[in-house]
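These notes concern the structure reproduced below.
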Amino acid sequence: MDSYDTSQSHLPDEAATLALAGRFARALSPGLVIHLHGDLGAGKTTFTRGLLAGLGWHGKVKSPTYTLVESYPLAPFTLHHFDLYRFADPEEWEEAGFREYFGQETVCLVEWPDKAQGLLPPADLILALEVAEQGRHYRFTALTEAGKTCLTRHSTQTAADC
Amino acid sequence: MLVLGIESSCDETGVALYDSEHGLVAHHLHTQMAMHAEYGGVVPELASRDHIRRVIPLTEACLAEVGLRLADIDAIAYTQGPGLGGALLVGTSVANALAFGLGIPVIAVHHLEGHLLSPLLATPRPDFPFLALLVSGGHTQLMAVHGVGQYQVLGETLDDAAGEAFDKTAKLLGLDYPGGPTLSRLAESGDPARFTLPRPMLNSADLDMSFSGLKTAVLTLVRQQEAQQHGTLDEQTRKDICRAFQEAIVEVLVKKSLKALKQTGMKRLVVAGGVGANRQLRAALDQAAARRKFEVFYPPLALCTDNGAMIAFAGAMRLKFAEPAAGFSVKPRWDLASLPAV
């Protein structure tokens, strides 16, 4: 089986972002750290909402901008959704005590990871969302073996679905 | 009874003294936004450290202002949650340590209850029951309030809070963060008829709201206008977009509030939270109130944002739950509906 380092395509609308996230949810495994890149309104929280729906979460998915983190206890693992948008100084990451949220039992999604550059646990995977003329472009990049395994699982599942 | 109130759930440190007979005696606030203003309005830091630096001097300032001493305080109310764990821990530890030292009881207060009850600090004060529209950077909820501790959430935002939508849209328009208040100011001289933005869930059967899609709508509009104007938005276009955005938010908030009043049969609407200071929202609600024959109440402007006065006041309302300071904890997540009624 080939291993995938990147995967990219176009998302015409919000429904497509949710559908991609729903499929990607099946490839997740505990311990993964995923950084979400993209400007305001690119769809980072929308992607997270689709991911959670794919994992069977039926409750609300609120933007974590003001709370900095929203946590979702799921059957296979707890998913922590961070948003560091309001950080002025990377040191705030340490002061907030967020390091303990990361571990082999959790999946962590981090929006605006640059705001805690140098202090964040390294990403296994990066998802970059970019506003296009119509809809969005997305690109997954795997940075570790765990990330590659996840992306490979996602890509082969997606191929099998077609 | 003189109650000291301490608020430290997010990035504002608030301390106040409330007397159950004489009302609000003193209140002081340290907002980290002001601290950063001279550096160009940087994002407020959320460091718990800053609360540690502020809370004792603010307490001393409150007491000094009215010539009282620590020994005059009868009870201490503090925000136990919800909020940022580290930030909450500062107010909680200081409140419990002070109370333990003074041998007086403490009262744990829910931050949102503070906001909900803050209009009771104004005159005229609304009677129970009332409908509360709580709109801030972190919350957007419609609640039926039957009494202190009797709250029922009727509807809320499914994604971004209204205040968050203001701040993020301001950022998309190139205004400094948090740009919500700047956006509102620009909107005042904007043309409401030039652009129309979508009103998400305006006509949904329930009382829930959604504001996250507005970001995308603004983004699309900004790009479209930038393309037409060769890269930069002229000042009037920026104002017109601000206006279109504010029109959309205000219409959703007003329409959902009216629907909730109708559903509950209530005749009093109380508006709390930072967005409650928005002039266009207030004007639209006042107009609707005159037309539909209901009363609308706002907290004093100074008490719209996070503050210690609302915590001292909520604490005074909950004096019967006061207990000796012993072991303590914070509740970063805390369901408002779980509070005991008074």
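Keep in mind that glycine also has a Cβ here, set from the backbone N, Cα and C atoms.
Owing to the predicted nature of the structure, the values given are computational and were not obtained by experimental measurement.
Per TrEMBL, the substrate site holds B:Leu134, B:Val135, B:Ser136, B:Gly137, B:Gly138, B:Gly180, B:Asn278; the candidate it also names there, chosen from B:Asp167, B:Asp191, B:Asp286, is B:Asp167.
The annotation in TrEMBL ties B:His111, B:His115 to Fe cation, and of the candidates under consideration, B:Asp240, B:Asp306, the one tied to the same site is B:Asp306. Taken as a whole, the domain 'Gcp-like' (B:24-313) shows an average pLDDT of 91 in this prediction. Taken residue by residue with DSSP, B:Leu134 (substrate binding site) is part of a strand. In the three-state DSSP assignment, the secondary structure recorded for B:His115 (Fe cation binding site) is helix. The 10 Å shell around the Cβ of B:Val135 (substrate binding site) contains 29 further Cβ atoms across the protein chains shown.
Cα proximity to B:His115 (Fe cation binding site) (within 10 Å) is found for the following binding-site residues from B:Leu134, B:Gly137, B:Asp167, B:Gly180, B:Asn278: B:Leu134. Between the CA atoms of B:Asn278 (substrate binding site) and B:His111 (Fe cation binding site) there is a gap of 21 Å, rounded to the nearest whole number. Filtering the binding-site residues B:His111, B:Leu134, B:Gly137, B:Gly138, B:Asp306 for a Cβ under 8 angstroms from any Cβ of chain A leaves B:Gly137, B:Gly138, in order along the sequence.
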